[in-house]
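These features come from Swiss-Prot:
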- K170: active site, proton donor (ACT_SITE)
- K269: active site, proton acceptor (ACT_SITE)
- S142, K168, L169, K170, K269, L299: N-acetyl-L-glutamine binding site (BINDING)
- D195, E220, D245: Mg(2+) binding site (BINDING)
Amino acid sequence: MAHTGRMFKIEAAEIVVARLPLKFRFETSFGVQTHKVVPLLILHGEGVQGVAEGTMEARPMYREETIAGALDLLRGTFLPAILGQTFANPEAVADALGSYRGNRMARAMVEMAAWDLWARTLGVPLGTLLGGHKEQVEVGVSLGIQAGEQATVDLVRKHVEQGYRRIKLKIKPGWDVQPVRATREAFPDIRLTVDANSAYTLADAGRLRQLDEYDLTYIEQPLAWDDLVDHAELARRIRTPLCLDESVASAADARKALALGAGGVINLKVARVGGHAESRRVHDVAQSFGAPVWCGGMLESGIGRAHNIHLSTLPNFRLPGDTSSASRYWERDLIQEPLEAVDGLMPVPQGPGTGVTLDREFLATVTEAQEEHRA
């Protein structure tokens, strides 16, 4: 790892829970969201702070973790293991939590905040420490389930005109072929994908096969999050490539999935796999199989979005990610700097760490809970 030799100490931590209203109603096969509860972890050391965002939800709909469970684990287990300690690098912070199983999203909050803290201590951009070299990354948009086909086409048109380089439609049983057909007829040449969020079973293979007609880049996570065998069987029955999201929580999962033929693309979400170090390992495994990765989103504020952008500078991020402009989601973000795409390209924030600054003044107005921890 580059830039070794500079130790850093974690002296204190803050847990902040904020509530941000979304600018629009976002519907997936999981349900409808009108706001986002945003748990933040802020690590302090030697006059510098590193910040990370938790992407778990109030209920265990995406993976097993919940906000309440993650915060309990931070308070009672993870923070006591690192506060007051000095570390050589963020991977050493992750190693301090190595005896505990699972809970990758909670673990990622600690590890990602440590990466930001270390990068700021060194005065180096996070992406550089991770091994990335891009100054901007390709981005697309993820569009929720709309009221009808025309509403879908109108929303797609709006984002195509803004220059986004990939359109992803959320689908579910009963709302799949119709919006895809309408979108493809209106936009024959766009890069189009769909995301099912595990809403189907192998019995729906015939229905999903109908999507082969519409030149999709991939179908994302059509089947159960823990079923690689059926994903592999589905991949044999349809032409459209499968992209795995929830099914891949580690580099080991990625190796199994790709070896089985359960998918040919991986949606890499840094929090889902436990942090940046494991994300790099997933990235490398996928690259060894010739499988591209792209960075998925979880309706993050600018804190999580900045982490995602820096991770996306690694070379095997070869498809547009979900890191679209923050202004799509929020009237006001939790950071001071705007994260705005131009013609489908998101500039990588410059400066040490994630390159963004927490807007403490605004954060105070949307904070629901706050606590401080010291060694």
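Even glycines carry a Cβ here, placed using N, Cα and C.
Positions of Swiss-Prot features highlighted on the structure.
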residue: S142; record: N-acetyl-L-glutamine binding site; DSSP (3 states): strand
residue: K168; record: N-acetyl-L-glutamine binding site; DSSP (3 states): strand
residue: D195; record: Mg(2+) binding site; DSSP (3 states): strand
residue: E220; record: Mg(2+) binding site; DSSP (3 states): strand
residue: D245; record: Mg(2+) binding site; DSSP (3 states): coil
residue: K269; record: active site, proton acceptor; DSSP (3 states): coil
residue: L299; record: N-acetyl-L-glutamine binding site; DSSP (3 states): coil
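Each residue in K168, T193, V194, A196, N197, I219, Q221, C243, L244, N267, G296 lies on the same chain as D195, E220, D245 and has a C-beta within 8 Å of the C-beta centroid of that Mg(2+) site, without being one of the site residues. In sequence order, K168, T193, V194, D195, A196, L242, C243, L244, D245, N267 make up the list of same-chain residues 6 or more apart from E220 (Mg(2+) binding site) whose Cβ falls under 8 Å from its Cβ. For K170 (active site, proton donor) paired with L299 (N-acetyl-L-glutamine binding site), the C-alpha to C-alpha distance reads 14 Å. In the structure shown, the C-beta of D195 has more C-beta neighbours within 10 angstroms than that of any other entry among the binding-site residues D195, D245. Within the same chain, residues at least six positions away from K269 (active site, proton acceptor) with a Cβ under 8 Å of its Cβ are T55, D245, C295, G296, G297, M298.
For L299 (N-acetyl-L-glutamine binding site), the count of additional Cβ atoms within 10 Å of its Cβ stands at 19 [all protein chains shown]. All protein chains shown were included, and the count of other CB atoms within 10 Å of the CB of S142 (N-acetyl-L-glutamine binding site) stands at 21. In the structure as shown, the Cβ atom of K170 (active site, proton donor) sits within 10 Å of 23 other Cβ atoms. Cβ neighbour count for L169 (N-acetyl-L-glutamine binding site): 24 (other Cβ atoms within 10 Å of its Cβ, all protein chains included). Per the record's binding annotation for N-acetyl-L-glutamine, residues S142, K168, L169, K170, K269, L299 show a top Cα-Cα distance of 18 Å.
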